[in-house]
Each structure stands twice: as C-alpha cells, then as structure tokens.
Amino acid sequence: MNNIRKTHPLMKIVNSSFIDLPTPSNISSWWNFGSLLGICLIAQILTGLFLAMHYTSDTMTAFSSVTHICRDVNYGWLIRYLHANGASMFFICLFLHVGRGLYYGSYMFLETWNIGVLLLFAVMATAFMGYVLPWGQMSFWGATVITNLLSAIPYIGTNLVEWIWGGFSVDKATLTRFFAFHFILPFIVAALAGVHLLFLHETGSNNPSGLNSDTDKIPFHPYYTIKDILGALIMITTLSSLVLFSPDMLGDPDNYIPANPLNTPPHIKPEWYFLFAYAILRSIPNKLGGVLALVLSIAILTIIPLLHTAKQRSMMFRPMSQCLFWILVADLFTLTWIGGQPVEHPFVIIGQLASVIYFMLILLIMPITSMIENQLLKW
C-alpha cells in the first residue's frame, strides 16, 4: 500500500515542504527564523482574533474596550500583552531573518527576496495600524503624524490624506478602517508567506558557505524539525518572560492616556521597531525628502542583488565585508536610539550622520569593498 503521506493531494504538499524536503546539511541556527516567523504570525492571528471579539472600533469606546479586556475578560490581560509583545518578537525575528539574508547572500534568490521585502512592508503596515487601535495618546498622534507624511506627495497629497482619514482629521472613520485593515492584512501576509516558501522551495535553501549544496542534502524531518522546535521553545520562553514580568517595557506610557486631540504629547514616537526609519525621516529637514528617505530605507533592500559585486555569494570568507556588515548593524542600533530621542543637539547631527552612513554603506562602500576583495583573491 502506498504511503498516504506521499499520495494524498494535501499531505503531499506538507510532505514536500516540511518532511522530505531536501535541506543543506550545514545550515546554522540563523536559518531558524523563518519557522519562528511562521509561529509568530499564527500566534498574532490567534491572539488578535480573541482580542477582536471584545474590542470596539469606535473613538468613544475603543480605549475603554481595551481596559475592559485587561480587567474583565478571562485572561484578557494575557491575550493583550501576548499580542502587543508578540509584535516585538515578530520584528526581532524579522530583522534577524533579513540580516541573515544579507550576510549569507540569500538575496540572490530574487523572487524569494523580493516577496520577502513585500512581506516586510505588509507587516510594518499591519503593526502601524495595530498601534492606533488602543486609541491612547501615542496611538492618535502617531496616526496623525505618520498619515500626514503623505501630504508631502505633490499635487494629490492633501486629498490623499483626507481620503485615508475619511474626514479632515484622524477620527472615528480612520479608526474603523484601520481596524478593518489590521484584521485583513495578517491573512494577506500569511498568503504571501506561502508564496515566499513556494519560491524558496523552487531553488532550495542557501547555506552558510554560499556554495551549491546539491551533493550534501538531508531530509528536513527529523533533523530540522527538532532544531526548529528548540528555537521555538527559546522564543516562547523569552516572550513569556517578557509578558509575565515586564509587559510594558517596550510600550509607551503615554498610550495609557486616552487620545486627546487638544493635547500633544511632548515627544511623538512610534514603537521601537520603527525608530530606525523614523530617525532617517527626521534627519532630513525637507518633508518630501524625509518621506522618500523613509520609504527608501526599506525599499533599498530590493536593489541589494544588483549591488552584489563579489565573486563569492556569502560573507563567510570575506572579512572586509563582514566588518562593514557589523558596522551597518551598529549604525541601525544608533538610528534606533536616535529615533527615540528629542529633536535637539547633539541628537539631530548624530541622526543625520547615521542616516548618511546607512545609505553610503549599502550603495557605495560595500559594493566597492567587494570589488577590492575580488582583486585580493588573485594574490
């Protein structure tokens, strides 16, 4: 009798994706983050679903409904904090996943990489709209400031902003549509993640050496299933510790004040995972220029395959490129720190320098260094 795992139409797909999938024998723990992102997405959809059962997307009751969830719903506080901090875990895994792709040259799988960038944009949009829903001070003013950036678009800007707002300011219509989009986008993200995997399985996984691994493959199960379970346990332990011991560590205290259009908070800032992009936005004095830099700070990932001048795919055997990669990581930490600081000296100039270094490293310094390394190979 034929094995149902290999003959059943649905089981066949699962089998070829998670069981019999030929996988390079030398992939390290940096390859765990794809599965961790899948777990994060499922956790966010489930906790979000239970929150949506009790949440009301009305300006008069949104803040109260979140309070009601935390105080009156059975384990509502747990669901709410798992969802809020789960978003932070999601972005930690995302940044590490993208960093892994940059370091080991995974961007050479063009379709997989570009869908990944699209996924990053979609997750960022989802997270931004989710932050607006509790309708605290930072929710309201964050929504006002970020949506207002679209008014920098020539000619159609003002009309576009009012169309998104559904009025002349961030109000009930805005909150309702943000809730609708925040609910639907994770399912679109899940579908895109499926396409992301589809394209990845066309080529097979990359590996730390960057070399073709067709001669040395092992089945995904049990070797990498057990490895992914270990990664998942570490992530779940970290998330649980965060949720149960300091659930508000990554949030903003201002969001415990109900939204008030008549009172602006002293420092408007987004969640920590957007601070690097926010710092780049603020470092340019011109509004349109800032918006372009903000979009380009993420969109630049799409042109990285074009900037790959090295003869080797991975940075594993390229020490100069490795140094530059870690300088880029340090620069992103600097930008994240600056994004959370007030707009005053010396933070402004540090932010501007860090922004210039960010774009210079990716567009100029790293490609030139790769070319120098190519010459060094001949020695």
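In case you wondered, yes, glycine gets a Cβ from its N, Cα and C as well.
Pulled from Swiss-Prot:
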TRANSMEM  33-53  transmembrane segment
TRANSMEM  77-98  transmembrane segment
BINDING   His83, His182  heme b b562 binding site
BINDING   His97, His196  heme b b566 binding site
TRANSMEM  113-133  transmembrane segment
TRANSMEM  178-198  transmembrane segment
BINDING   His201  ubiquinone binding site
TRANSMEM  226-246  transmembrane segment
TRANSMEM  288-308  transmembrane segment
TRANSMEM  320-340  transmembrane segment
TRANSMEM  347-367  transmembrane segment
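Shown on the structure are the features that Swiss-Prot records.
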residue	record	CB count, 10 Å
His83	heme b b562 binding site	21
His97	heme b b566 binding site	20
His182	heme b b562 binding site	21
His196	heme b b566 binding site	21
His201	ubiquinone binding site	14
Spatial neighbour of His201 (ubiquinone binding site) that is closest, considering only the binding-site residues His83, His97, His182 and their CA atoms: His97
Segment proximity, the transmembrane segment (178-198) to the transmembrane segment (288-308), 3 or more C-beta pairs under 8 Å: no
Round to a whole number and give the Cα-to-Cα distance in Å for the pair His83 (heme b b562 binding site) and His97 (heme b b566 binding site). 20
Would you mind reading off the Cα separation of His196 (heme b b566 binding site) from His182 (heme b b562 binding site), to the nearest angstrom? 21
For the C-alpha pair, I'd like the distance in angstrom between His97 (heme b b566 binding site) and His182 (heme b b562 binding site), rounded off. 23
For the transmembrane segment (77-98): best-contacting stretch of 113-133, 226-246, 320-340, by Cβ pairs under 8 Å: 226-246
Indicate whether His97 (heme b b566 binding site) is helix, strand or coil by DSSP. helix
